[in-house]
Amino acid sequence: MSRENTPLLPTSQPEEDERRQELIGLVWMAFTSLGFSFSSLFVKLSGASFPPLEIVFSRSIVQFLFAFCGCLYQGVHPFGKRELVFGLIIRGFAGAFGLALFYVAVANLPLADATVLFFMGPIFTAILARLVLKESFGPFDQLASFTSLFGVGLIAKPEFIFGENTSHEIDPQQRLIGVVAALLGAVMSAIAYVTVRKMGRGVPPLVHVVYFGAVSTVFSLFGTLTFEKPSMPVNSTQWVYLAMVGLTAFAGQVMLTKGLQLSPAGPGTLMRNFDVVFAFVFGILIFHETPDRFTIGGAILIIGSTVAMGLHKWRLSVASSRG
């Protein structure tokens with residue numbers, strides 16, 4: 001009897017461990033939303049006094065220093081294994097460009113609009129995961145992606161469809177810049193996400209943050225000195241805003257990388273939708289940005305599509321693991 005029963009443990013235990021790791025990853029992804037939501041809040045507050053790339057620089061230098069010191073404290077090589085350096089640099093560049101583009105979107109759009117458009121990222125992640133990681137992207141995923149495009153149109157409010165003065169407080173040219181920046185930022189975030197997944201769990205989360213912080217620091221410093229007029233904080237409030245951008249983002253970045261390593265690409269990014277809820281709350285309570293029916297409708301379409309896609313992929317993953 002013991003011989004008949006012993007094979008059951010080795011075959012079922014790995015599945016249980018894998019499920020447990022994926023669940024932990026999803027929890028990390030959910031907590032990530034809190035850190036990044038507060039970071040976006042402080043970006044919006046800082047945007048009244050500083051240009052976007054200078055805010056990126058302040059965030060990046062804080063992240064790099066904290067991550068580098070964290071690696072030394074944990075006895076981890078800050079720059080990782082030699083064979084993974086190229087992938088880490090790609091992840092750093094994608095993250096840096098995506099971050100800068102998102103900050104441009106936040107500066108030109110209401111916080112909720114910028115956040116919702118940036119959350120086209122899961123759609124782009126699913127498409128890229130199909131090409132790079134060979135994950136499924138069937139008819140249901142294609143339908144969800146197509147539906148989300150209608151949501152983009154509702155939030156973008158192009159004049160040739162909606163007419164003039166639909167956005168009221170925002171200049172059409174300014175809105176166009178914000179929309180394009182948010183969508184391009186979402187593409188770059190998808191590249192960063194899939195790169196992390198491609199490298200697997202062998203890279204400590206802090207190493208990812210070191211590369212992201214280093215590349216972002218160099219990129220944003222060059223951009224600030226070349227294209228913008230940098231300015232120093234003039235009071236303690238501005239210093240606090242800039243510092244909190246970096247500190248809250250650092251916490252979010254560590255949790256994000258850990259979550260991406262443990263959770264599947266589709267369901268993992270699904271948990272980040274909590275960001276949108278916080279964005280609407282912050283926008284209404286702090287910035288008095290009341291979303292109109294088009295923004296709310298677009299948010300429902302985009303978030304609904306990403307949620308549906310994530311749940312669909314999760315169901316397929318569970319079904320395939322059960323054989």
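Every residue, even glycine, has its Cβ placed from backbone N, Cα and C.
Note that this is a predicted model, so its numbers are computed, not measured.
Listed features, source TrEMBL:
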TRANSMEM  23-43  transmembrane segment
DOMAIN    24-155  domain 'EamA'
TRANSMEM  55-73  transmembrane segment
TRANSMEM  85-105  transmembrane segment
TRANSMEM  111-133  transmembrane segment
TRANSMEM  176-196  transmembrane segment
DOMAIN    177-308  domain 'EamA'
TRANSMEM  208-227  transmembrane segment
TRANSMEM  239-257  transmembrane segment
TRANSMEM  269-288  transmembrane segment
TRANSMEM  294-312  transmembrane segment
Original post:
Sequence gap of 6 or more, Cβ distance under 8 Å, 3 or more pairs: do the transmembrane segment (85-105) and the transmembrane segment (176-196) meet that?
Top reply: yes
Original post:
Is the transmembrane segment (55-73) packed against any residues at least 6 beyond its ends, judged by a Cβ distance under 8 Å, and which are they?
Top reply: 39, 43, 46-47, 96, 99-100, 103, 204, 206-207, 209-210, 212-214, 216-217, 219-221, 223-224, 242-243, 245-247, 249-250, 253-254
Subject >> Ranked first among 23-43, 208-227, 269-288, 294-312 for CB pairs under 8 angstroms with the transmembrane segment (239-257) >> reply: 23-43
Original post:
Residues of the same chain, at least six outside the transmembrane segment (294-312), with any C-beta under 8 angstroms of its C-beta?
Top reply: 110, 112-113, 116-117, 119-120, 122-123, 126, 140-141, 144-145, 147-148, 150-155, 157, 162, 166, 266-267, 269-270, 273, 276, 280
Original post:
What stretch in 111-133, 208-227, 269-288 has the biggest tally of Cβ pairs under 8 Å against the transmembrane segment (23-43)?
Top reply: 269-288
Original post:
So, by DSSP, how many helix, strand and coil residues make up the domain 'EamA' (177-308)?
Top reply: 113 helix, 0 strand, 19 coil
**OP:** Provide the three-state DSSP residue tally for the domain 'EamA' (24-155): helix first, then strand, then coil.
**Re:** 110 helix, 0 strand, 22 coil
